[in-house]
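Quick notes on the structure that follows.
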Amino acid sequence: MSISVLGAGAFGTALAITLAQNGPVTLWARDADHAEEMQRTRENSRRLKGPRLPENISVTAEIALAARSETALLAVPMQRTGAFLAEHAGLLQSKTLVSCSKGIDLQTLQGPSALIRQFCPDAVPALLTGPSFAADIARGLPTALTLATPEDDEALQQALSTPSLRLYRTTDLTGAELGGALKNVYAIGAGVVIGAGLGDSARAALMTRSFAEMVRFAVAQGARPETLSGLSGFGDLVLTCTSPLSRNFRFGLALGAGEAFDPSVTVEGVATAKAVSILAEKRKIDMPVASMIAALTEARISVPEAVLTLLARPLKQE
Ligand SMILES: NC(=O)C1=CN([C@@H]2O[C@H](COP(=O)(O)OP(=O)(O)OC[C@H]3O[C@@H](n4cnc5c(N)ncnc54)[C@H](OP(=O)(O)O)[C@@H]3O)[C@@H](O)[C@H]2O)C=CC1
Ligand SMILES: O=C(CO)COP(=O)(O)O
């Protein structure tokens, strides 16, 4: 099975590096200078400094070249995915398109699988999601992810697993993508708690209530609850809410401490918090934590006000 990775950010590059253990990989970057530099230096110094690109990764800025493969992994940020698919739909039809992005598109309020179905109706949508930092995958550290496909696809699982990257299959695309989208929102919240000095007990409470919300929201959209208890839900929530390697967590840390954060860093949870709070209101799903995080990121509320509001909610059964 020939494989390309579309998007040469930290994650796309890391996936290309690990998949190169199985055979040749084409890595597409949107910027021709960036592609040429990576092809020559065998490093992605802009997005993933350090790890070496094996010789069987060929880097290109020619999308038509990258689109020759049967399977393409999409690793562009969520809020750019719709425009990317619209622009290149002609080349991507009839492929298996594996989205590696985590979030909900703010314009359409859809996740990556619905965007793939909208723009490339003849493609097979799939998702690769779960707890894994690009740097860990690129270094060959042990990682486990969820592969979600509409038909239980063992061949794809085999093709995308490597000696250090272990994939588990599911057919629950809704659950897999909503777990990955929502955990970024809650990681911002966990960062705020720690950045504001509210303590580890408060973070544990936030994570637990966030998990309850995540399950409630995803099940209301047709997800299976057990998917949310797996790698793409609980697993990624734990990783991202507790590690300073997470950009969403670090963004929250800065927000909680009242410090500035580099706007060029990809922080998927900000747009997704807004999308989730809009969807929750429309569909009447109780999502107090996500809605509070949306209000915080939009500076509609201060951290002390957010804490007071959450603590003042009526007492109820767990
Ligand atoms: N980093 C990680 O550890 C993980 C990331 N993910 C997910 O992967 C997705 C990508 O994240 P990540 O790789 O870390 O992000 P980065 O910020 O490292 O890179 C983003 C990449 O997307 C490219 N890009 C931006 N806009 C466009 C566009 N309009 N068209 C085409 N390409 C574009 C950028 O190009 P350029 O370099 O030219 O700006 C860059 O290569 C996110 O949804 C993230 O949640 C999932 C798991 C782990
Ligand atoms: O998705 C990730 C880990 O699974 C990466 O998280 P951040 O985007 O917060 O860095």
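Yeah, the Cβs are placed from backbone N, Cα and C, and that goes for glycine too.
Annotations in TrEMBL come from automatic prediction, not curation.
Annotation comment: TrEMBL describes 3-152 as domain 'Glycerol-3-phosphate dehydrogenase NAD-dependent N-terminal'.
Within the same chain, residues at least six positions away from Ala10 (NAD(+) binding site) with a Cβ under 8 Å of its Cβ are Asn44, Arg47, Leu48, Ala134, Ala135. Annotation source TrEMBL lists NAD(+) binding site at Gly7, Ala8, Gly9, Ala10, Phe11, Gly12, Ala134, Arg247.
In the three-state DSSP scheme, Val265 (NADPH binding site) falls into the coil class. Within its own chain, Val265 (NADPH binding site) has Arg247, Arg250, Phe251 as residues 6 or more apart in sequence whose C-beta sits under 8 angstroms from its own. Residues or ranges marked as NADPH binding site in TrEMBL: Phe11, Arg30, Lys102, Ala134, Arg247, Val265, Glu268.
The substrate binding site annotation in TrEMBL covers Lys102, Arg247, Asn248. Every protein chain considered, the tally of other Cβ atoms within 10 Å of the Cβ of Arg247 (NAD(+) binding site) stands at 22. When secondary structure is read from DSSP and collapsed to three states, Arg247 (NAD(+) binding site) falls in the helix class.
Positions annotated as sn-glycerol 3-phosphate binding site by TrEMBL: Lys102, Gly130, Ser132, Lys183, Asp236, Ser246, Arg247, Asn248. Counting every protein chain shown, the Cβ of Ser246 (sn-glycerol 3-phosphate binding site) has 24 other Cβ atoms within 10 Å.
The predicted model assigns the domain 'Glycerol-3-phosphate dehydrogenase NAD-dependent C-terminal' (172-307) a mean pLDDT of 97. Here TrEMBL flags 172-307 as domain 'Glycerol-3-phosphate dehydrogenase NAD-dependent C-terminal'.
Annotation comment: TrEMBL describes Lys183 as active site, proton acceptor. All protein chains shown were included, and the count of other CB atoms within 10 Å of the CB of Lys183 (sn-glycerol 3-phosphate binding site) stands at 34.
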Ranked by how many other Cβ atoms lie within 10 Å of their Cβ, the binding-site residues Ser132, Asn248 are led by Asn248
Note: in the chain of Phe11 (NAD(+) binding site), residues six or more apart in sequence with C-beta under 8 angstroms of its C-beta are Ala75, Cys100, Ala134, Ile137
CB < 6 Å to ligand 2, subset of binding-site residues Gly9, Arg30, Asp236, seq order -> Asp236
Cα of Lys183 (sn-glycerol 3-phosphate binding site) to Cα of Lys102 (NADPH binding site), in Å and rounded, measures 9
Here the 10 Å Cβ neighbour count for Gly130 (sn-glycerol 3-phosphate binding site) comes out at 26
Taking the centre of the Cβ atoms of Lys102, Arg247, Asn248 as the substrate site, the remaining residues of that chain with Cβ inside 8 Å are Asn184, Ala187, Thr240, Ser246, Phe249, Phe251, Thr266, Val267, Glu268, Gly269
